[in-house]
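Among the features that TrEMBL reports, domain 'PA' is placed at 162-250. Per TrEMBL, the feature domain 'Peptidase M28' maps to 350-475. If you look up TrEMBL, you'll see 615-733 marked as domain 'Transferrin receptor-like dimerisation'. As annotated by TrEMBL, transmembrane segment applies to 7-27.
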């Protein structure tokens with residue numbers, strides 16, 4: 001019996017050994033399910049090179065030609081044409097996306113009355129002495145299109161205002177404070193130049209001093225290097241703004257639909273009354289060209305304006321008597337505004353498209369730009385839309401041909417009604433607040449893809465700096481055969497990093513200049529905004545036709561499309577890396593460097609005064625140190641891990657730490673009077689100091705008022721920022 005048992009055991013062992021050998025040599029080692037390889041796959045550098053090679057200038061040119069055929073102000077017939085065009089492109093069976101659709105909202109916009117145009121006149125008791133142009137001089141056939149809207153200040157109230165004229169520089173609070181020292185501003189009309197304060201804020205500042213109407217113009221010194229003549233100096237002879245050019249714009253302070261704050265503007269959404277809207281001009285307001293502005297300003301009486309208020313006109317800028325010089329033909333005359341704007345609730349469309357991810361379809365990389373323009377919009381936004389359509393054409397064809405599918409889902413957004421206050425993108429973030437907050441990896445915004453032809457410019461969360469640089473190094477700079485976008489950029493705008501040495505300067509997304517605003521400030525999503533831009537030293541390469549009637553295809557086409565191509569290649573490269581990299585290409589140590597720079601500025605400017613008020617900055621200093629420590633520790637974990645052979649859950653965990661880190665900087669109560677601003681590091685600031693915005697603004701207020709309650713607010717903001725940074729550091733630490 002024992003012998004039989006031993007023989008049986010021996011036979012079993014032999015059979016097992018044979019089975020193992022057969023299994024080892026007879027079964028292919030690649031027999032694991034295909035998803036195993038997909039999960040561990042990293043970004044394909046060969047695919048990026050293929051993408052770069054397929055972005056074509058001719059396609060970009062044709063995109064822009066189509067997009068600028070007619071004026072396409074938001075919700076106009078021209079806007080509807082662009083909706084259909086973008087949707088058709090994204091639904092193309094050969095080069096389109098997986099899915100594309102319209103996303104509809106009902107939003108509150110402001111328009112002039114085409115049958116009763118806005119007017120600005122100079123009048124005395126007997127007659128009209130001067131009338132400001134209602135429309136710009138037409139230099140091209142495009143400008144004769146009946147859909148070209150009269151220059152107007154969107155959201156300016158309708159009404160009539162009449163009074164003596166004063167010059168108020170840029171319309172900042174300090175400008176009106178200076179005027180008010182010697183002039184009774186009550187009942188006056190103020191004329192201001194662009195810059196210094198937001199469009200709508202100029203009117204709000206003016207009304208606080210009793211000003212009853214506001215004019216806004218672009219000074220040739222600010223935009224034209226002082227040149228003014230369209231006979232041989234300005235457009236159509238150069239890129240300079242012509243004398244009658246007027247910058248249209250929205251004069252509201254907050255972003256998103258103003259009747260549905262923090263709610264998506266759908267059919268049955270609760271709406272506040274238009275009378276309850278804040279952040280828009282309380283007085284009639286109208287933009288005018290510098291030709292007319294010079295006629296008015298050069299006739300003003302009163303003291304000479306301060307030297308830093310003087311502009312490009314061939315005269316001394318006086319403050320106003322108020323009113324005009326006795327020697328002027330306008331002596332003893334008033335300026336009168338007749339404004340006939342009206343607010344309306346209208347249908348506005350986003351166009352949305354998606355390429356679904358293969359491994360992590362519930363993680364989103366969003367690429368967006370608005371579609372609407374004030375007129376033809378060759379610069380803003382169609383230069384950006386042309387680039388976005390070329391990126392989707394190249395990537396869409398790769399998907400349709402089965403050559404590629406991203407690891408994560410890519411969402412494309414062609415936002416509606418941006419010019420009226422970033423409305424389409426804001427409504428989208430409000431409608432999908434939770435899903436986008438939990439799932440979005442990053443947002444790329446390319447609005448004006450080409451301001452000018454000098455260099456790339458970018459603003460971003462610091463953690464995205466490294467991926468921008470990597471992409472820029474792989475793209476040739478326009479006009480250079482052997483110079484990268486990165487190397488060209490560093491010559492125009494650079495800084496010295498304690499970690500990296502001399503690098504291109506990447507700005508911060510501290511305001512609400514484009515559709516990144518809701519993603520950064522409301523959702524805390526790591527974002528990028530980029531364009532090819534001008535030499536900051538030489539303004540004459542700047543496209544000064546922004547928002548003007550002659551911002552058309554013919555003006556743009558003669559400049560060529562190599563800059564558009566460079567932007568498309570760079571932005572698309574970044575997009576692929578965010579969507580395809582096994583580990584998200586975020587560098588939190590770069591974020592630590594930015595926080596340290598902010599801290600150093602705060603300590604230098606504020607610490608002595610705060611200590612005198614028994615407010616310690618030590619918690620803030622400790623928080624920044626802890627963030628640095630956490631960032632370096634996470635980097636060590638990443639560098640010591642073979643992530644391609646780790647469990648997918650470890651990679652997902654690290655990616656979530658990187659993705660959600662910026663969400664830790666959100667505080668919904670930090671800025672209760674600032675709509676949509678919740679990010680305590682990058683919120684907008686009126687202080688002008690390169691440091692934590694809440695602390696900077698609170699300190700400026702307390703230092704001015706000397707009130708104990710205002711110093712308490714400074715203490716509050718020090719605590720808010722310190723605890724937010726501690727929270728972000730904890731997000732980078734090991735999960736416990």
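Glycine residues also receive a Cβ, built from the backbone N, Cα and C atoms like all the rest.
Under DSSP, the residues of the domain 'Peptidase M28' (350-475) split into helix, strand and coil as follows: 47 helix, 38 strand, 41 coil. Counting residues of the domain 'PA' (162-250) by DSSP class, helix then strand then coil, yields 21 helix, 19 strand, 49 coil.
Sorting the domain 'Transferrin receptor-like dimerisation' (615-733) by DSSP state (H, G, I as helix; E, B as strand; all else coil) yields 82 helix, 2 strand, 35 coil. Within the model, the domain 'Peptidase M28' (350-475) shows a mean pLDDT value of 97, rounded to a whole number.
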